[in-house]
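To keep things clear, I will list the structure first and then write my remarks on it.
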Amino acid sequence: MIDAYDVLGVAVDCKEDDIKQAFRKMSLQNHPDKVGGGVEATNKFNEIKNAKEILSDTERRKIYDTFGVDLGEERPEMEVWTIGMSTLLSPMGGFVLKTIVARSVLWLVDWVWIGRLLMLLGLLAAGCYAMDVKFGNYSARSEEALSIFMNFFVIDVVIILNWLWPLLADAVCVFYLVAEIVSVQILMESWKIGVGVGVVSLFVAWLVRGWWRWIVGLEILLAVVLLIALTISSGIVRLWIDQVFTQHGDKLKEWRTKMRARRKETEAELDKLRKRVQTLEEENEKLKKKGRA
């Protein structure tokens, strides 16, 4: 088969009704239950089904008629959008959110009564963990509870550091954001790396002190710029596909039509050769009979 059109036995400029009728006919003729099943029959039926799906979807068919191959159900511009979201925009958005959360926590602990309340909750959590208090079917030393207690512990440490020297709390915030970029595992592989990052975090915290609102605003602006760039990129891909289709779509159809014509010529030549071979065999058989007589 040359292409999806050939699988269904329709012309390259066929209409949607032609595709539906051809699929109905081909699927009935080649259904595995009707032809006895087997791997070959199943593959043939799946090929027919896939050809119908390609040609029934207007956008998918356009891509197929542009490049000569099926690129799947998702359009190329959406593939660009998905890749950009997963590799650029989503990580950037997550980093902005974590920056906002970290700064919000530091802003909250600046309130004395909130800091004291969180310290009290942290002490209560530590007491529950030490005495292994049971909460119904859950234990205070279970993995789920341990993660909650660790969060209280980190918050209490930040509160204490903020009381001792606010710059230390800012350094913890910077260290947390750096860990989100390079991963905690890398920082924990060597104490020298961890200490080095901690010193650098303290210096950066001192350097940007009082500028956090501008930093958060800059991160949000960068995320918006990435969103705009990603949208433009998807649009450019779409425009490029339309341009390629306009320039080369007719050439591809012409090539497919020529391939069909060549196949018919080849089949006609093969048919002539078969007839010629059959004639020669008959003449040879006659000569053998005469020789025997």
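Placed from the backbone N, Cα and C atoms, the Cβ positions cover glycine too.
Your range for transmembrane segment, going by TrEMBL and the list 80-101, 168-189, is 80-101. In terms of DSSP helix, strand and coil, the domain 'J' (3-68) has 52 helix, 0 strand, 14 coil. Note: the stretches the transmembrane segment (80-101) and the transmembrane segment (195-214) are not in contact (fewer than 3 CB pairs below 8 A, sequence gap of 6 or more). When pLDDT is averaged over the domain 'J' (3-68), the result is 88.
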